[in-house]
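Comments concern the structure below.
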Amino acid sequence: MNQTFVKSVTEQLPQLGLLQDEPMKKHTTFRIGGPADYYAEPDMSRISKLIEMAKACDMPVTVIGNGSNLLVGDKGIRGLVIGIGKGLSEIEVTEAVAQDFTAQDNCHIITAGAGAILAAVAAKAAEASLSGLEFASGIPGSVGGAVVMNAGAYGGEIKDVLIDATVLTADGELKTVTRDELDLSYRHSIVPEKGYIVLSARFRLTPKPKDEIKSYMAELRAKRVEKQPLEYPSAGSTFKRPEGYFAGKLIMDAGLRGYSVGDAQVSEKHCGFVVNKGEAAAADVLTLIKDVQETVLKQFGVKLEPEVKMIGEF
């Protein structure tokens, strides 16, 4: 235990609710992961101070969103883990004004905290009869995570509607970064390499009849239920889409449907997903991923790159 850090937090941020030895399986959709030394979900008023305290104690800081694209090692994460959650989950709809550089005819803006669930933002947009985020209606991740990885599905991506993001820099300064400056591409942004922490994002949307928006969103959700293994914990798509191929089909054609290591399994419903059938360990998932990569490379000459982010000690 880092007594200096705990004492500082207790005295200066008494309402924070700092947790010690917090199981990370409680904070990932994979339901896998060992303990974080310290875990907290600060709001906007506390996050900068908390990071400052951790740095003063030479403590590493890891920031996560909804944990929907993470595999945390069985030995957990050293230092402080900051969960961007309910304290940063506000969603606000406004109409763009003429002096706003984003303004277009009938353009509206949704501002969402990084902890807001992307699907909830899409639902809020639909209720306001605003189109552009339909593709996100079934994405379980947070706004912050979606910006970091330029989340997308069914032909839509965050970069299609993002205006800018407010971030906390590695120096502890608030900064607004435009979509172009974020250098968004397939499952990529400059956020990790710059050491930014996304605090909020603004999206540009356009009016459309509410029933049309909701009908299309319902159609996409039905496709997800039909094709994806939502009945089991997972981290979503395990591998990035290799150019010219589909990861799931390559894995299926390699004869790996249902392949298991412990309770980690290549989904029988969609081979692009690795699922946790019960008590899978991170080591099981890691071994399975490597086995799949080796088999697909050997059979088809295609190197699969993991989409799931691996953090912590394995």
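From the backbone N, Cα and C atoms, a Cβ is placed for every residue, glycine too.
Annotation comment: Swiss-Prot describes R187 (among others) as active site. Under the DSSP three-state reduction, R187 (active site) is assigned to coil, being neither helix nor strand. Here R187 (active site) comes close to M149, N150, K240, E307: these same-chain residues lie at least six apart in sequence, with C-beta atoms under 8 angstroms from its C-beta.
Swiss-Prot lists S237 with the feature active site, proton donor, giving sequence analysis as the kind of evidence. Other C-beta atoms found within 10 angstroms of the C-beta of S237 (active site, proton donor) number 20, with every protein chain shown included.
The active site annotation in Swiss-Prot covers E307 (among others), and the record cites sequence analysis as its basis. DSSP gives E307 (active site) a coil state; it is part of no helix or strand.
As annotated by Swiss-Prot, domain 'FAD-binding PCMH-type' applies to 31-208.
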